[in-house]
C-alpha cells in the first residue's frame, strides 16, 4: 500500500506516462522515391530508435551503415520520423519505432510496413518485335504471348483488338517471382497467352498487350502492339470497259479493265485471249488488284473470248471472268479473177471475192462503165472470223475495142464502207513482120569489138514480143517501145570466135499469132588464135640427145603466123611450118623445132608464138627445159673459214642438179660427221650453233642425185679465248736466290704478246724480273729475291677473245718473324669474370711457332684457365690468340708473345686491362672526291675491349671551329665512309672519333682538309651559268642570309656565356671532390695500375 501510494505520488509529481501521439502507419513508396514514416511521442522520457525487420538502426539521427536512412523531426517535442530516400526493394520491410523505458515510464513500440513498389521494366510480344507484322493463314490457330518483366507487385495484363478490350476465355496468365542476389529484393514477371483463329476480317488488325501497374502513371501504361497479316484468297474478278452484245468497229480503241478486291497477298491478274496469255502486268492498291489491257480492235477480235484470271498463294484454283467481243469490220480488199486477154467475140468469165467482213459485204459489178444486175452472189463464214462474199459474171469482147475495164465493189452496209478493185481485159491483134538493121552482109568484124544489131516490128495488140536467137539459141536483148505503136529489140554483141559464120534470127509474136514472124543474118568475124599447145619428145631430156618441140595453134581467121623464141631471142634453125582447117571457119597452124640437148639449156624457157597479122594479136605458150645431170656446186666465196669459240658458224654450200632432189653427206677429216648438241646438219647446211675448239678441221660436203655426185671441201679454224691451264704453286726461295714462276696457257691464237705479268705494289717490275716464253708456257724469273718481293704475281693472258684470264702466284721469300705492331693488337681489355682475348700476329717464312708467357713464365694450356688458338692467315702471316677465362684482378698486366722460326724470332707485349673508352682513330685520309661527296678512311685505335663505332665531324674550311658550324655523320663500325650532300668546289675540314658504351675518345685535330670537285656532272648547270635575274636573286638571298646569321651568332654568344659560367661552377666544386682528375676519368685504380706506356715494347731477336 505504501508502494502504491509512493508511485502515485511520483506520477503526480512527474506528470503522465509516455505514449504515441502519432503511431507509424503502413506506407507505399515508388522505387527510387522518398518516404517518411511518422512517429511522435507525447511525454517522451526514454530514448527513441527505429528497427528494420528487428535490426536496430541506432539512436543517432544519422544512421552510419545506411546513409539513405535518417531520423528527422522536432526531437524536443517527441517527433522522431524515419526518412528513407532513393527507396529500393531492399527497403521493403517491417519497421518499428521503439521508445526506451526511463524511470517509471515503460518502453513502448509501434510497427509500420514500408512497401516499395516498382513499375515493370519492359513489355514484349514473345517472338515478335514491336509493331511488327505477323503473317498467318486464314482460320489457322496461333497464339500470342505477352511478357511483362520486373514489376513489384505483379503487373496486370490487358489485351486489345484495335481499341476494344478483349474478354477472352482462352487466356493463360502466369506470374513468376524473380529473386535478386540479396534474396530480399523480389520482383515479378507476368506472362499472358491468348489463342486466336483469324479470319479475313482480322487482316490489318492490331493486337495490343497493355501492362497496368500502380507504379505507372494512369495515362501512360506500358503497351506493345503487333499487326496481323492474314493470308486469304482474293475475291472474284470482274471486267469493266465492255458489255457483251455491244459492237465495236475495227480500229476502235478498247480498254478492258479487270479488278479483284480482297485477298492477301493481293491477287495476281492475268489476261488471256482465246486461251493464250496476252498480259501479266497488273497493279495493286491496298487489297485491290487491277490489270488494264488496251488495244485497237481488228478482225481477229470478232468473237474473241477475253478471260481474266485472279489468284494468289491461297487460291486452290484461279478465279475467272470473261467476255466475248463483237467487232464490225468491212472487207480489207476485193479480188477479181479471170483472163486478162481475149479475142473479139470471146465470152470471158469473171469472179469477184471479198476479204472477211462482219456483217457480210454485198458485191456490185460495173463492166465497161455499165452496172451488171444479173450477177450471182453467195456468202460463207471465214475461218478467222467474219464472212467472205463471192460473185460470178461474164463479159463479151466487142469489135474495135483494144481493152475492157471491169470494176468490183465490196460494200458493208452496216459500216457504209466500200472497197473497189479493177480488172483490165485486152483485145488481141497480130503484129507486122520484123526488120533487122545495123549489119551489112559481107563486112568483117574484129573479135573483141562491140556490134549492135536492131530488130523492129510495128502494129499489133498487144505489141509484138521480139526475141533474138544465135544459132537457134535464145539470147537477151534491149526492148524499146515507140510512140508510133512500134517495138524494137537491140542486141549488143562482143564479137568472138563463135560469132564467125553464126546465124542471128529475130522473131515477132503476140497472143494473136499462131506462127512466129522472123528474119535472119550471118556474121563474118576475124579472130586471133586463142592459144597454142607445145608437145615435147622425148619426155625426159639428157645431155647429148636430140629433142623435138611441136607447137600447134588454135583456130584463127585469117591463118596465124608461127615462130619459136629462146629466152626472148628468135630461133630460126631447125624450123618446120604446117597448117590445116580449124573450128568456126578458121585455120590451125603448126611449127616444129629440133634441137640438141645440153646441160646449158637446163632451165631455159622456149616460147611458141602464134600471131594474127590482121588483128595484130598473138597467143603464146612457154616450156622450161629440164635436163637431167649430176649435182654441180656453185663456187663458194671462200673455203678457208675462221670462227670464234662460243659463237655460231654456218657452212652453206649450194649445188644444182637435175633431178633437183639432192642428198648431202658431210665428213670431217675424211670421217663421217656425227651431229651433236652444237652441230646440226640440214641438207647442205652445216650449222655450228656454238663453236668449240674441237670443231677445227677439214669438212667435206658430198652432193648426190640419181645422175651422180660431186664434193666441196672447207677448212675450219676455231679461235677461242686464252686461258691458264696450270701454274707454279708454293714457290719459296731463300733471300738472294732467283725465283722462277711459270704459267701454262691455252688459246687460239696464242703468242707471247698475249701474256703479261704484273703486280700493283711492285714499281720495279721491269728491272727486277725477266719473262721468257716456251711451248705455250710463260716464265717469270724474279732476280735475287728479297723480303719485299713476297706477294702475289699475277699471270694474265688475253688474246682479244673473251675476258682476260689471270691467276695469282704467291712468291714466298724466307725471312725471320716480324710482329704486327698495330695499336689495336698491343692492348686487350676485359672485365672481371669475363674471358679476355689477346691477339698476336706475325709475318714469317717458313712457318712460325708461338709461345705466350707472363713475368718470364711460359703459359701452359694444360690449365683450364688458358686456351691458345693458332691460325694461318695466308702464306706468310700467322696469328695466335690467348684466351684467359674468368678474369680476376691478378690477371691484369703484361703478357709476352714470342713467334719463332728457323731464321729467328720476334716478341710483342700485350697489355690486359679492364674495359675503357676507345683510343682515338689515326691516319684519317681522303680516298675519293666528286662534285658533292668525299670518301674518307681511317685506322681504328684500340677499342677499349668493347664494340666501337665512329663519328665523323666536318665543316666548311672558311667557317670557324664553332660547334654550330660542324656537321656529324655516324658510320657505325665502318672505317671507310662516303660523306654526301657537299657543295660544289668547296673545301672542308674533317676529323673523327671513336665511341663504345664506356664513352667516346677525343676527335683528331682538324688537320685533314679536302675540296670537292668544281666540275659538275653533265646533268647539272655549272656555276655562273645563271641569268642576271638569278644573280640578283642570289644577292638578295645573301643579304637575308647574312642578317639571319648575325642573329644566330648573337644567340650563340649568349648560350656560350651561360655554359662557361655553369662550367666554372662545376669545376670549382669538382676541385674539392675526392678522386677527381683533370681528365675527368672514371677508371678504377686497377686501370691506372696497368695504364699503357707510350713506347713500343716489341723486340726482334736472332737465333
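Yeah, the Cβs are placed from backbone N, Cα and C, and that goes for glycine too.
Taking TrEMBL as the reference, the stretch among 1034-1068, 1069-1103 described by the feature region 'Disordered' is residues 1069-1103.
Ranked by number of Cβ pairs under 8 Å to the domain 'Ig-like' (434-524), the listed stretches 18-115, 120-225, 237-326, 331-426, 920-1018 are led by 331-426.
Each residue in the domain 'Ig-like' (817-913) gets a DSSP state, and the totals come to 6 helix, 58 strand, 33 coil. In the domain 'Ig-like' (722-812), helix, strand and coil residues by DSSP number 10 helix, 50 strand, 31 coil.
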